[in-house]
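Over in Swiss-Prot, the protein carries these features:
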type    : residues                                            : note
BINDING : I8, S9, G10, G11, L12, D13, S14, T15, T16, C17, L18 : ATP binding site
BINDING : C188, C198, C201, C204                              : Zn(2+) binding site
Amino acid sequence: MKKAVILISGGLDSTTCLAVAKSKGFSCYALSFDYGQKHHSELVAAEKIAAHFNVVRHEVVTLSIGKLGGSALTDNSLDVPDYGGNESIPITYVPARNTIFLSIALGWAEILDAESILIGASAIDYSGYPDCRPEYIAAFQNLANLATKRGIEGHSIKIEAPLIHLSKAETIKLGYSLGVDYSMTVSCYRANEEGLACGYCDSCELRKKGFKEAEIKDPTQYITKV
């Protein structure tokens, strides 16, 4: 059976991405990262989601990039803001995060002799992160072609971003059609230890908007009523 490495954070998009990989018939290897994120409950969700989808293996790699600061998701001196709705790159951007994650995924995929890596990046209804754009995915594909033994031998590992052109509502509809239980997911940047959401950060607002537009009941549990 063909193999794939799927990046899973415990959130809505990456869980949908895992469901897509399963629907394509991949033997799934899930990869998560403990990078010093404040919303650590997403990793608890990732463990449950990986087990739910019966992945072959789930690895959680510990990184120390949070020690470098520079993002409200990792730096205790920076507060995660409420939803701003502007087009500038927000303070929740973690510098080079997807490049670091995909590089490790690329190494594992080559070790496994996997043919694909799937990432839940989306350029629609997103927070404006530069490493979630189609041109970024294309650039990393070029890197994968050049930087691996498989690539040099003409069997390059494919970098797939199946949600890249989908709105949040379209992503939710897709996942719903594949049987995803979104109550298992944690998207909030300020989620507490139980995985309850704040309801006001960028991620929460985009998630609420997605369920509303998809006309699907939002199963998200909030710290306080929003």
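Each position is counted from 1, following the chain as shown.
Heads up, the Cβ atoms here are built off N, Cα and C, so glycines get one too.
Shown here: features listed in Swiss-Prot, placed on the structure.
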{"residue": "I8", "record": "ATP binding site", "Cβ contacts under 8 Å, 6 or more apart": "S14, T15, C17, L18, A30, L31, S32, A46, I49, A50, H58, G120"}
{"residue": "G10", "record": "ATP binding site", "Cβ contacts under 8 Å, 6 or more apart": "S32, S41, E42, L43, V44, A45, A46, E47, I49, T185, V186"}
{"residue": "L12", "record": "ATP binding site", "Cβ contacts under 8 Å, 6 or more apart": "K168, T171, I172, G175, Y182, T185, S187, R207, G210"}
{"residue": "T16", "record": "ATP binding site", "Cβ contacts under 8 Å, 6 or more apart": "G120, L163, T171, I172, L174, G175, L178, V180"}
{"residue": "C188", "record": "Zn(2+) binding site", "Cβ contacts under 8 Å, 6 or more apart": "H39, L196, A197, C198, G199, C201, S203, C204, R207"}
Query - Additional residues surrounding ATP, by Cβ distance to the I8, S9, G10, G11, L12, D13, S14, T15, T16, C17, L18 centre under 8 Å - result: A46, I49, G120, T185
Report task. Determine, from DSSP, whether S14 (ATP binding site) sits in helix, strand or coil. Result -> helix
Requested in this report: Let me know the DSSP-derived helix, strand or coil state of C201 (Zn(2+) binding site), please.
Outcome: coil
**Report entry** Around the Cβ of L18 (ATP binding site), the count of other Cβ atoms that are within 10 Å
**Finding:** 28
Requested in this report: Find, among the binding-site residues listed as C198, C201, C204, the one whose Cβ has the highest number of other Cβ atoms within 10 Å in the structure shown.
Outcome: C201
